[in-house]
Every structure is written in C-alpha cells, then in structure tokens.
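Some features that TrEMBL has for this protein:
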type	residues	note
DOMAIN	126-578	domain 'Major facilitator superfamily (MFS) profile'
TRANSMEM	87-112	transmembrane segment
TRANSMEM	206-225	transmembrane segment
TRANSMEM	232-253	transmembrane segment
TRANSMEM	259-279	transmembrane segment
TRANSMEM	291-312	transmembrane segment
TRANSMEM	318-339	transmembrane segment
TRANSMEM	406-424	transmembrane segment
TRANSMEM	436-460	transmembrane segment
TRANSMEM	467-491	transmembrane segment
TRANSMEM	497-515	transmembrane segment
TRANSMEM	527-547	transmembrane segment
TRANSMEM	553-573	transmembrane segment
Amino acid sequence: MTVNNNQGRRASTKDDTNGFVNVAFTHDERSGENVIRRKSGNSNSLELDNGTTLSTSAVPAVNSAAAPIDFDDILPMIGEFGKYQKILFICMIPFAFFVAFIYFSQIFLTLIPEQHWCSVPELESLPLAERLALSIPRMDNGDYDNCLMYNVNYTDLLAKGIRKADPKWPTVGCMHGWSYNFTEIPYTTVATEENWVCDNDTLPTYAQSIFFLGAIVGGLLFGWIADKFGRIPSLIGCNLVGFAAGVATAFISKFWQFAIMRFFVGFAFDNCFTMMYILVLEYVGPRYRTFVANMSIAIFFTMAACMLPWIAYYLANWRILAVVTSAPLLLAVFTPLVVPESARWLVSQGKVDKAVSILKKLEKVNGKHISPETYQNFTDSCLKLRQEETTNQSHSIMDLFKTPRLRRTTILLIIIWMAISLVFDGHVRNVGSLGLDIFFTFTVASFTEFPADTLLTLTLDRFGRRWLACGSMVLSGIFSLLATIAPVGVYSASLAIVGRFFVNISYNIGLQYAAEILPTVVRAQGVAFIHIMGYVASIIAPFVVYLTYISPMLPLIILGILGIAGGLLSLLLPETLDHDLPQTLSDGEEFGRGQSIWDFPCLAKKIDESNDLEVRSPHFVRSTQSGASLRASTGGELRSSILQRSTRSRYTSKL
C-alpha cells in the first residue's frame, strides 16, 4: 500500500509531565480513507487500521513534509530505551554512589559513643568500673553523667584507699577531656578527637546545617552553569568541588575548618547525581522513565547507602573514610568519554548540528535508521521554535503569587515540601537515637528506599498523587508517634523505620507533584524555588534531631506531628493524574477547580480503546500519554530551561 501526503493529517498532543509527543496520522472521518496510526512508544512501525504494518522508513514523506518535528518526535524513531540508553542507565551507578556518600558520610564522620565520661588522669591506672565509681556522679536514671566529675583531690583519695565516691562531693565540668567507650563504635571520629560533646555537642549539628547552606548555594550556582554551559560541565564541576572539599576534610583539625569543608561538600550534594539523572532521562522515552527515574534510586542509591556504614565500620578511621568516600568523585572527569551532552540543551542553545550528531550516534548504536530529510526537518523546526520562545520568556516566580488560587496552591506546595524534607532528613539523622546498633539500624532504614520506590512505581499512576501523598505522610507521622510509646529498642526502632519507609514514598511523590501543578511558563523557576525551600527546612532538621539530648522521644514527636499535618494539607492540592497540565498562568489559576477532595483517579472511567470511545468523570480528563513518569519532569524542570519548551505543545490536545 502506498501513502499519499494528502491522505492524512498529523495530530500531535503532549503530556506536560513528560514533554513527549504521541504522533498519530489520522484520516478525516468523513472521507472514509485508511488510518495510519503510530502506536505509542513504538519506533519501528506504523499500524494501519486494517492491521497492516509499515516500516517507518517506508513513509518518510508523511513525517517530514507535513509538519515540523522536535526532539520528542524524533526520539521514538531513534529508540526510547535502546542499547545506548541502557548504557547510560548503567553509567548512573557511580553518581548514585556519590550522592549517597556525600549525603550520609557526616553521620559516620561525627559519631559519638553514647557512653563517654570525664577523663581523670590520676585514675588512668584503675579499671574502668572503679574509675567511674570514684570520679563520675550518677544521674537520676542511674547512668553515669557524661559531662560532670567530682571536684576532689584524687591523689589523696587513692592514697587513703577510697574507691567509691560520696554523692555529696562537689562536682565540676570535665577539666581534662573525655574518655569514650568504643565498643559499639570501634573507631575515633572527628567529634571524639575534638571532643564535640557537652558544651560543644551542638557543633556537629551546626556543621550539618552549614552543609545544607552549601547545598543551596551550590544548587543555584551549578543549576545556572547547567543552563548556561551545559549539563556535562556542571556535572564535572560540582563533583570536583565535592572531591576537593571531601578529601581536604581528612586533614582538618579545627571545627571552623570542618565547617568550611562541609559547606563546599554541600555544593556537590544533589547536583553530583541530579545532572546525570537529567541527562539520562532526557534521552529516555516516557514509557521507560518511570523505571529509570525510580529504579536508579531504588537500586543504586539504596545499595550505596546500605554499604556506607560497613565501609566506615571496617575502615575504622574517620580520615580514611573521608578520603574513600570523596576520592571516587574524581571519576567524573571521564564522563564526556561515555556520556553525551544533553541534546535538548544543545537545541535550546541553537546548537542543533551538535544535537543531530549525538542523535545519529544514538541511532547507530540502537540499530535504527533515520532519513536525512527527517534530520533536516528537525533542525529547521528547532531553530524556528527557539526564535519564537526567545520572545516569550517574560514570566517570573512572582507570577505564582498574583492570583488567589495559584497563590494558595504555591504556598501549599512550599509548606508541604518543607514538611516532607524536614521529616525525611529528620528520620535519616535520628537513626542513631533509636537504641540499637547504628550500623545495622542505618542499613535497614536505608533499605526501605527500595520497596518504597518499587511500590510507588506500581501505584502512583493508578491511585494518583494527592491521596498517596496524604496517606504516606500521615502513616509516616502515625508510626513515628507510635515509636515514642513503644519500648525503647527493637520495637521503637522498628516503628520509626516504618515511618521512614512511608516518608520515602512521600518524598518521591513530592519531587514530581510541584512540576505537574505549576503552569509551564513558570514551572522551572517555581520548582527550583520550592526545592530550595526544602533545603531551608533541611537546615532545621539537625536541630530537631538534637532535641534527643532533652528527650529521646521529642524528635519523633515533632516528626510525627509534621508528617500528619503535611499529609492532611496535601488533600487541599488538586489531583494531576489523567489531567492535561496547566501551561499558562490562567490555566494554573483554573487548574483543579471543581475537584472534590473525595475524587479518586482510580475510580474514574477510562478510555475504551476497543472502539475509541471515552467516558470520563467530569473532573478527570485522561491525557494522551498515560502514566506520568515519576520524578522525570521534576528533575528536568528543576535544572533545565529547555524543558519549559518541551512541555509546551504546539497543538491543542482535544480530549
């Protein structure tokens, strides 16, 4: 069968979440002519309405001459998850390890044994039990005090044969440093070497907050570099800063030196993986982004997080640990040898020829064939579209606060994301206060990322964002509160870990939610702003965990209340599943109007694909690209101005 260009017209619709165009060649229903339709995600063939298939190479004129095409049109022709994309997926492994090491390493660099007491040089020759009985007062619970000693003449006491203290003796703060019980934590850390305990026990907390300050500055700096100079320079730059500061940490001897190094290590946090994450997702088709986005975290990040405590345990030297967890970041300099620059970014900068050369490489590795005419049409279309968009970038973050409903939605997103970030980081850092071995507990808590991501992959596109966000946050809060009334030890730790599991789910939902609710024209700026506000909340998290010195239950109480409150607030947001996402500010103002809190996407009627008829709930309009990818749009929108373009359809979706 031959195909005439005038027989069909090209209809193009786009799902804002993925920025992907589903291409269909359809006939005018009144003409009775044959239909040629491209199956979603099938880059190899076109399907006729009578079941006959044609090779894409057999109909070049239909695609190239009828209408302009962009990156989202050409990607299915090259292959949405071919051999090349699988190689890129494997290349995410080291960067997932880097971000886990950067994020969690300070926990094991600053561990302090729960049992530590004032050091008394005169009593060093005595067994530990006798030293404590003679020099350290007991607290109300019967444990020896960590920060006080008896202010007496120990030489005279030894000469008199006294081996037990009189509770009435005067006390004083530690005058000669501290001694530590390294039974559970079998190595010295920077905190024990520098005695960051008692009056100085807030110093590790300050250092962690300074780390997140560095993350804010680094996020802004390397996000700008990514949009200005490309993903690869940003990826290499932030990893090199993390490498230099991390290795230099091994040579510090003062708190201010440690704090400065943590600030610059924070530069690399998130960016050291996010840039690679974006690069890979920009080359993967929407059918596979759910898998790539989530399983890269669930498998690679989780593996690194579970390994880290045992690396620290067996190295048993905090300086070596600092080097071992930082030196691998130097491998980022080899990234250009295996990972191409983002073709989307090149297109946004008008460097379409370079983008085409990369696409041809993908085409060759994936075993596809694209005609020169198609590439020429792609080049002309991208250059024209870029010229159009250059004149339309006049919106700012302040536009989100000018109209009442959009302002309310934006404020809700900020508050909810700050709650999620604080609860997530609070659970991460509170693991040492659960009454069990920290190495084992940290491993189990980190492993919850795998089932959380896997479960979310299976349920998010069925049950929607709003109720899953609410349910997971509320359950996280409930289990956190239950941990405060359970017996200390296995029971309370288990409940807290379940709370960590549910907040993992909330965190992953939250990463995507804002990118779907905010209108396209301000999406990148809005998501970046919300992400930064999450860092602000993370700065507070170490101080919440510090409250364990007042009461071990207090951090979990705060995390529980925040989790429940954040979850309930999520119900006030509009549902985005199966909706065409807002593009203009007016779309954003009207988005979700008329929805009820009790609307469930899984109860909405779906498309009857057997006869192309669709019966829909009035509040749930099914988008052409079913199954929005998890975190795909968020990662891109957060760093990439070009994805503002890729989520803006040239055609109106008539659904």
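Positions of Cβ are set from backbone N, Cα and C atoms, glycine also.
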* Structure fact -> Listed stretches 206-225, 232-253, 259-279 vs the transmembrane segment (318-339), most Cβ pairs under 8 Å: range 232-253
* **Two-stretch contact, the transmembrane segment (436-460) and the transmembrane segment (527-547), at least three Cβ pairs under 8 Å** => no
* What same-chain residues lie close to the transmembrane segment (206-225): Cβ under 8 Å, and 6 or more beyond its ends? -> 106, 110, 233-234, 237-238, 241, 255, 258-259, 262-271, 275, 429, 528, 531-532, 535-536, 538-543, 638-639
* **Stretch of maximal Cβ-Cβ contact with the transmembrane segment (232-253) [cut-off: under 8 Å; candidates 87-112, 291-312, 406-424, 527-547, 553-573]** => 87-112
* To do: Spell out yes or no: are there three or more C-beta pairs under 8 angstroms between the transmembrane segment (291-312) and the transmembrane segment (553-573), with each pair 6 or more apart in sequence?
  => no
* Structure fact -> Long-range Cβ contacts under 8 Å made by the transmembrane segment (406-424), restricted to residues 6 or more beyond its ends, are 400, 469, 473, 476-477, 480, 503-504, 506-507, 510, 513-514, 517-519, 526, 529-531, 533-538, 540-541, 544, 559, 562-563, 565-566, 569-570, 572-574, 585, 588-589, 591-592
* State the residues, same chain only, that lie 6 or more residues beyond the ends of the transmembrane segment (553-573) and have a CB under 8 A from a CB inside it; answer 'none' if no residue qualifies. => 408-409, 412-413, 415-416, 419-420, 422-423, 426-427, 430, 433, 465-467, 469-481, 483-484, 496, 499, 502-503, 506, 513, 517, 544-545, 547, 592, 597
* Asked: What is the average pLDDT across the domain 'Major facilitator superfamily (MFS) profile' (126-578)?
  -> 86
